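Let me begin by presenting the structure, written as structure tokens, before commenting on it.
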Ligand code: ATP
Ligand code: MG
Ligand code: MG
């Protein structure tokens, strides 16, 4: 596999190995199984796996499942599927919940050292006592309980003798610290809830800030890579590693989260879109989830290249989502067969073509990759073209079809429009054209030139197909006003469903097959809505973009 381009984390790892601070590298990807993975997670996956791979180290997939209220096996399974699909093999597969006993013992050790206490203050009181950036915190009246009393109360917490919220265990650090994270953070809370892995074995659960460094230490992780929201927690991370006396000493390193334009990138918000029925599940092609991108037609190669190319820096970055599109175009350019499809059909009768006759024309499968060979396409007296490739009263510089004008049909002949057939409301429903047999594609005809080339599909053998065209789900060019949320900026036109036609040679397409439709861009066969007699295409990306990298 290709490796990361240089970045500051790679430099740290390299130096740690060169100076002998470390003699091996272990990283981890630690999702909480409370939702599906998104493209932001892909950045972390690529970084962690490729960094370890480069230095002959290991990467664990670890489920950070310390909150029973939001976690589910459905998410565990989807995460495994997505990491595998992206192309990575984890070394160890771990669950933080398997370490609950060991974490409990480390908490007992802190109590015995006088470094943790059971607090009876309510969550609201704890928040109030914590103080602010400009104001020091206040000590809880329960802060100076004896070690014996704390051990007894913590044991009773474990045994289920208290209700949710009645008591918590806090690290005893410094209520006046300028770093609020060090003002006696809560490290255990009570939750009488069934956990997806440990069932009802526990009713107390460690908080993320306490659990995470221990998970890393237990797995001998050397470089614990996370995003910059956790920068202020690093002193607490180190405090826990030091005071819990773990043998292994992992190091936390932060990098800037990925954000994309026109995209919400938080599992909480994505779950809201799913729960409120705004999208068709976590794998809706408009979602920035790995499963949504897969269903839309993105390839793992395109996502990996994107993640490598955006780079890794401390600063939080918002990347233009057109950059992601750029990489999928690049990846599919040589791989995807070319074809023609009509998304808004308009019937054309070629009046001088013999009735009942069908001829088969040759068309290159991929002019940029000639090894893919040729395909056969039928041509006859009736074809479909796109409605917007015809205008009755065109403006200047319109080179497609209009009365009296001649265009080239891709891979076939020149046709000239003679008559327009309308329904009783004046809508154009059919065109009558004539073709010129001498202008056949590939015949070397040079007698005259036409300015427009349009695509078409022969009518009698065309296969009906559904086309789903997408626009960004979120409109973020407008400012979010006071009181508004991202839900007030949903694009009402994010999905357009059209019924059209595809070439006869596509009768056996399979879910996830990808094609480049002439002039329409790249499309993927939708795995959810496609059935034996109804094929649905998701537009992956249009052909061209003004975007340059
Ligand atoms: P979210 O806020 O979307 O729920 P999270 O950080 O809470 O994300 P986790 O399941 O804890 O989700 O994430 C697993 C790993 O993926 C973490 O190491 C986290 O830092 C990383 N990660 C999550 N979102 C991004 C992002 N947008 N960019 C880069 N890394 C990310
Ligand atoms: Mg998290
Ligand atoms: Mg989260």
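Placed from the backbone N, Cα and C atoms, the Cβ positions cover glycine too.
Copied over from TrEMBL:
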- 25-333: domain 'Glutamyl/glutaminyl-tRNA synthetase class Ib catalytic' (DOMAIN)
- 31-41: motif ''HIGH' region' (MOTIF)
- 32-34, 38-44, 227, 257-258, 265-267: ATP binding site (BINDING)
- 64, 208: L-glutamine binding site (BINDING)
- 264-268: motif ''KMSKS' region' (MOTIF)
- 336-436: domain 'Glutamyl/glutaminyl-tRNA synthetase class Ib anti-codon binding' (DOMAIN)
- 453-526: domain 'tRNA synthetases class I (E and Q) anti-codon binding' (DOMAIN)
Q: Select, from 32, 39, 43, 258, each of the binding-site residues with a Cβ positioned under 6 A from at least one atom of ligand 2; if none does, say none.
A: 32
Q. What does DSSP assign residue 34 (ATP binding site), in three states?
A. coil
Q. Which of these binding-site residues (34, 39, 208, 266) have a C-beta closer than 6 Å to some atom of ligand 1?
A. 266
Q.
I'd like the Cβ neighbour count for residue 266 (ATP binding site), meaning other Cβ atoms within 10 Å of its Cβ, all protein chains included.
A. 14
**Q.** Minimum Cα separation from residue 64 (L-glutamine binding site), reported as the residue among binding-site residues 32, 41, 43, 227, 258 that achieves it
**A.** 32
Q) Near residue 258 (ATP binding site), how many other Cβ atoms are within 10 Å of its Cβ? A) 24
Q. Any idea which of the binding-site residues 39, 64 has the thinnest Cβ neighbourhood at 10 Å?
A. 64
Q: List the Cα distance (Å, whole number) between residue 227 (ATP binding site) and residue 208 (L-glutamine binding site).
A: 14
(Q) Between the Cα atoms of residue 41 (ATP binding site) and residue 208 (L-glutamine binding site), what distance do you get, rounded to the nearest Å? (A) 18
